[in-house]
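Below is one structure, written out as structure tokens; the observations come after it.
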Amino acid sequence: MSESVHQRLEELKESLHYHAVRYYVEDNPEIPDAEYDRLMRELLEIEAQHPDLVTVDSPSQRVGGKPLSEFSQVTHEVPMLSLDNAFDDSELDSFHKRAQDRIGGESIKQYCCEPKLDGLAVSLLYENGILVQAATRGDGTTGENITENVRTINAIPLKLRGDDWPARLEVRGEVFMPKAGFEKLNELARQKGEKVFVNPRNAAAGSLRQLDSRITASRPLSFYAYSVGVVQGADLAASHYERFLQIKSWGLPMCPETKRVDSLADVKTYYQHILQRRDALPYEIDGVVIKIDDIAVQERLGFVARAPRWAIAYKFPAQEEITTLNEVEFQVGRTGAITPVAKLEPVFVGGVTVSNATLHNADEIERLQVKIGDQVVIRRAGDVIPQVVSVIKERRPETARDIIFPTQCPVCGSHVERIEGEAVTRCTGGLVCQAQRKQALKHFVSRKALDVDGLGDKVIEQLVDREMVETPADLFKLSAGVLTVLERMGPKSAQNIVNALEKSKLTTLPRFLYSLGIREVGEATAANLAQHFKSLEAIQAATEEQLIAVQDIGVVVAKHITTFFEEEQNQAVVQDLLVQGIHWPEVSAPEQGAELPLEGKTVVLTGTLSQLGRTEAKEALQSLGAKVTGSVSKKTDILFAGENAGSKLAKAQELGIEIKTEQDLLELIN
């Protein structure tokens, strides 16, 4: 190999890196696409003739390589934190005041503001200017190694520009799919008859988590940096915004809407400006991220419950759109509740295409005065089920029809009833009703109930449709041979379900009570019942007066419990479950004189836990003597906060409630 070949290869790499930054980062290309393609072809030809010269930072590595069998795990040297949320100006004001109070009342003026991109957070690690590792955020402590996939994203430099970067530099940012690329990707999928993506965020996440990086390379992904993690070998600027400029000078893209402002009032102006421009921006956003600009102040403020005290996400209000209500269907739930569902002309709102929305109940239909054929306003906020919020009556067509609530169950034909004082109309068919049967069985095997692994919704639906099961006890009478008649059910999968059912027979009394699906008996109520009565027999025999003596049980819930156990059909199901081998350890009372660490404390769990399931955490807290509730109030003693803790955490901070982490909970348990 001649020296000239090696030299030409380096020239091509430098040139391609330079022009990639001009195109993808600065949006200011110097050469036509055809010239860039010519340079890339020349590079590929040289590397094909001299494979020993191929390096990880070569532009040729963006095409993707051999598929992986699985992603390896990466432990973040500096945890990747989530953000607290603000939903209005008063919550933003509270954030500002808390920060100033914590640093002794000093004035905080400058903030760095940027759109909150709706994508996937990633960490990029550069060593000596070369991209050596990329990882997802995961649970904030551990993520997945997606280096091969990230190398295919043109907006991310494989080699940093310049030479004044730190020897080790970790850049955090968001991988996203621009709106235009998302539309093209879905259009191509439609032409091929393939499944389309629901929204750009799902498309970006799905593309980034492909085991075959060649698929990722074919997807229109982009990237904007938003912060740094590990920094070794050089000092960065003392301003968050100026750090952005440093990162950009090394070839990493930053969102062009990022701005430094000089007052809290300017922050609010920026928020309104971005909110108004939201639909015009080429990418999906769901709010604005606001960070105190002074790095020294950031360091003084520190972190709380896996979120920084110096930053907050100011979320946009729920998105609304107008569409046509074409029809109304009535769905039957586990407890017989009949819910009217609006069938809509599909409309893109809140980041997804919506074709169904809840109308809640007959009272809501009356309140809205909505009719079939009306133009309606629907709202979708985050993961909340879309709902009809108003009717544009001046647009009502002459053909509009009244919505008639059924007098018979739309599934089984049983009589429906509405108890005085309740908003819900219910089917009286019980387990005779196929819809109720399906939902009851799904609830019985769910994670918080008997937790039967592998027995998903589609399997339950087939079992009921084929009349193979009627009650929960029938599940334990199934054999692997019988299960193999179901669609997509091989012998191994069938045996796994049988094994999982056998394993689930050992449970706890609270889980068993919860699995029965008694109206308004959730996890906490089931735990309180078990702790108070100690046995199933005592609960079955309890009067309403005795039940009301249990913590958090009132007249209505007590009536539901006694009614459930008085019904002969329910008695038979419970007895059959016990005959099939469902059992649990004896519920023991705390030892006399034993002091539980959380005795008498009211606690709330919020956010995502990395090492404990939510049910497991609740049970652990209750075993420590705590009363676990679902909302924060002045009566709350402790808030245990995991990742992505939002409004509950903010409210707890405002009320001065003690805040603990998942690690604190683990230490209490151990």
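Backbone N, Cα and C define each Cβ position, glycine as well.
Here the structure is a predicted model, which means the values were calculated and not measured.
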Message: Going by the Zn(2+) site in Swiss-Prot, where Cys409, Cys412, Cys433 are listed, which of the candidates Cys255, Cys427 is also part of it?
response: Cys427
Statement: Fewest neighbouring Cβ atoms within 10 Å among the binding-site residues Cys412, Cys427, Cys433 goes to Cys412
- line: The correct DSSP tally for the domain 'BRCT' (593-670) reads 27 helix, 18 strand, 33 coil
- request: Rounded to the nearest Å, what's the C-alpha distance separating Arg137 (NAD(+) binding site) and Lys116 (active site, N6-AMP-lysine intermediate)? Just drop the number here, would you?
  value: 16
- request: Specify the nearest of the binding-site residues Glu35, Lys291, Cys409, Cys427, Cys433 to Lys116 (active site, N6-AMP-lysine intermediate), where nearness means the distance between Cα atoms.
  value: Lys291
- request: State the mean pLDDT for the domain 'BRCT' (593-670).
  value: 80
Fewest Cβ neighbours within 10 Å, where candidates are the binding-site residues Leu83, Cys409: Leu83
